[in-house]
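Asks: This is the structure I have questions about; it appears just below.
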Ligand code: SF4
């Protein structure tokens with residue numbers, strides 16, 4: 001995992017990224033997520049981090065500020081054929097990005113979202 005050398009969390013307290021519970025409805029998890037979000041937002045390897053967490057099925061911890069529940073939702077979306085800019089290394093579609101807690105970097109809609117916006 002060479003991307004880890006560029007991680008913004010390298011010197012952060014690891015306990016911040018691993019709340020004592022993975023229950024998204026827990027106030028503890030929400031607080032941890034709020035605490036790590038600014039770090040992950042500024043992290044230059046956030047996409048690699050999230051891709052790794054998704055590809056390796058990480059079921060614990062906050063990776064790229066996503067909870068295990070967030071990542072299960074992303075994996076379900078992948079299985080349903082929703083465009084996955086993290087897996088596909090494509091620029092993020094602003095519409096699809098709603099599914100992904102990552103910064104949208106491209107102003108264009110992906111082809112699937114463009115098709116959905118076309119009048120019938
Ligand atoms: S995105 Fe967040 S959890 Fe992932 S490497 Fe960067 S700072 Fe760490």
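Indices start at 1 and increase along the chain as displayed.
Every residue gets a Cβ built from N, Cα and C, even glycine.
I grabbed these lines from TrEMBL:
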type	residues	note
DOMAIN	8-73	domain '4Fe-4S Wbl-type'
BINDING	9, 40, 43, 49	[4Fe-4S] cluster binding site
Asks: Starting from the Cβ centroid of 9, 40, 43, 49, the recorded [4Fe-4S] cluster site, name every other residue in that chain with its Cβ within 8 Å, sequence order please.
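Replies: Other same-chain residues near the [4Fe-4S] cluster site: 7, 8, 36, 39, 45, 46, 63, 64, 65.
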Asks: Per DSSP, what is the residue tally for the domain '4Fe-4S Wbl-type' (8-73) in helix, strand and coil?
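Replies: Summed by class, the stretch gives 35 helix, 2 strand, 29 coil.
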Asks: What is the total of other Cβ atoms whose distance to the Cβ of residue 9 ([4Fe-4S] cluster binding site) is within 10 Å?
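Replies: Step by step: centre on the Cβ of residue 9 ([4Fe-4S] cluster binding site), count other Cβ atoms within 10 Å, giving 19.
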Asks: Among the binding-site residues listed here, 40, 43, 49, whose Cβ has the fewest other Cβ atoms inside 10 Å?
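Replies: Output over binding-site residues 40, 43, 49: least Cβ neighbours within 10 Å is 43.
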Asks: Just to confirm my parser: what is the rounded mean pLDDT across the domain '4Fe-4S Wbl-type' (8-73)?
Replies: 91
